[in-house]
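Peer 1: Just passing along the structure, written as structure tokens.
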Amino acid sequence: MRFIYLFIALFSSFSIAQQPALRVISLSPHTTELAYAAGLGDALIAASDYSDYPEAAQKLERVANYRGVKLERIVALQPDLILAWKGGNPPREMAKLEQLGLNVFYSNPVELEDIATTIEQLGQYSPEPTQAIQTANQFRQEISAFKTRNENQRTVSFFYQLSDSPIITVADGSWPSQVFSLCGGRNIFGDSPAAYPQVSEEQVVVRQPEVIFGTPHADTKTSIWQNWQGKLPAVDNHHVFTLQADWLNRPTPRTINAIKQVCGLFDQVRDGTL
């Protein structure tokens, strides 16, 4: 009897987990994109600030931002699935939502493969899981093609600037270092013990990067690096580039666009065409 009871309990839990989610809330921009990629777009009823892709996401009610989440409003919306960013959304507020019995799915992509895996996992909540499977498989195929293409390329040293004041960069193992690594880049601060270290201008100059990358949030073309003319290879060779921030910093299918952009720039640096 005990075996039968356990079997019924496990089977019931499995069945519930596979039921399509009808009311979904996303608490970060990247989980919003992943939801659409997994076929959950029609089920989304609210999202976080800066959830701006695809265009349909811009019409969703806002229930989260960098300061936290609107707990009372989220509960009132009665979601059957909440998509959260592990490490990005406040743990205490997430715990409260779980204590209230709400179903919270945590996304925390670390490797490029994690994007495809997360899409497949979210697809289990979609009425059309085949969309998630197809999207994930296509992503894996494109990643595999880039790996094959770049495996014998010359390594290019680079510095990626997240912000101007203070100067923040990324270490190996932190998103989006995987994109640069796939394209044959060597992070000059890859060995930092901090995931997102704060560095000085002098530290960057000492490590002599061939390329400096920034985003529109850190306008490297007209910033401090131009003051180091003659001392920085990246500046002397005009290898200071601005990348599309959302492609690069959000772990979503659009990461492929970031890979194409970064790999293309590295190729031109290697070939001497820039």
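Each residue, glycine too, has its Cβ placed from N, Cα and C.
Okay, so Swiss-Prot annotates it like this:
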- 1-17: signal peptide (SIGNAL)
- 23-270: domain 'Fe/B12 periplasmic-binding' (DOMAIN)
- Tyr50: cyanocob(III)alamin binding site (BINDING)
- Glu72: site 'Important for BtuC binding' (SITE)
- Cys183-Cys263: disulfide bond (DISULFID)
- Glu202: site 'Important for BtuC binding' (SITE)
Peer 1: Where does the mean pLDDT land for the domain 'Fe/B12 periplasmic-binding' (23-270)?
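Peer 2: Reported value for the domain 'Fe/B12 periplasmic-binding' (23-270) is a mean pLDDT of 95.
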Peer 1: In DSSP terms, helix, strand or coil for Cys263 (disulfide bond)?
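Peer 2: Looking at the DSSP assignment, Cys263 (disulfide bond) belongs to a helix.
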Peer 1: What are the non-local neighbours of the residue listed as 'cyanocob(III)alamin binding site', defined as same-chain residues 6+ apart in sequence with CB under 8 A from its CB?
Peer 2: Pro29
Peer 1: Give me the Cα-Cα distance between Cys183 (disulfide bond) and Glu202 (site 'Important for BtuC binding'), rounded to a whole Å.
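Peer 2: Checking the Cα atoms of Cys183 (disulfide bond) and Glu202 (site 'Important for BtuC binding') gives a distance of 26 Å.
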Peer 1: List, in sequence order, the same-chain residues at least six positions removed whose CB sits under 8 Å from that of Cys263 (disulfide bond)?
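Peer 2: The answer is Phe146, Arg149, Asn150, Leu182, Cys183, Gly184.
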Peer 1: Does DSSP give Cys183 (disulfide bond) helix, strand or coil?
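Peer 2: Assignment for Cys183 (disulfide bond) reads coil.
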Peer 1: Within 10 Å of the Cβ of Cys183 (disulfide bond), how many other Cβ atoms can you find? Include all protein chains, please.
Peer 2: 23
Peer 1: Express the distance between the Cα positions of Glu72 (site 'Important for BtuC binding') and Glu202 (site 'Important for BtuC binding') as a whole number of Å.
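Peer 2: Here the two Cα atoms lie 48 Å apart.
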Peer 1: With DSSP assignments reduced to helix, strand and coil, which class does Glu202 (site 'Important for BtuC binding') get?
Peer 2: helix
Peer 1: What are the non-local neighbours of Glu202 (site 'Important for BtuC binding'), defined as same-chain residues 6+ apart in sequence with CB under 8 A from its CB?
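Peer 2: Residues satisfying the criterion: none.
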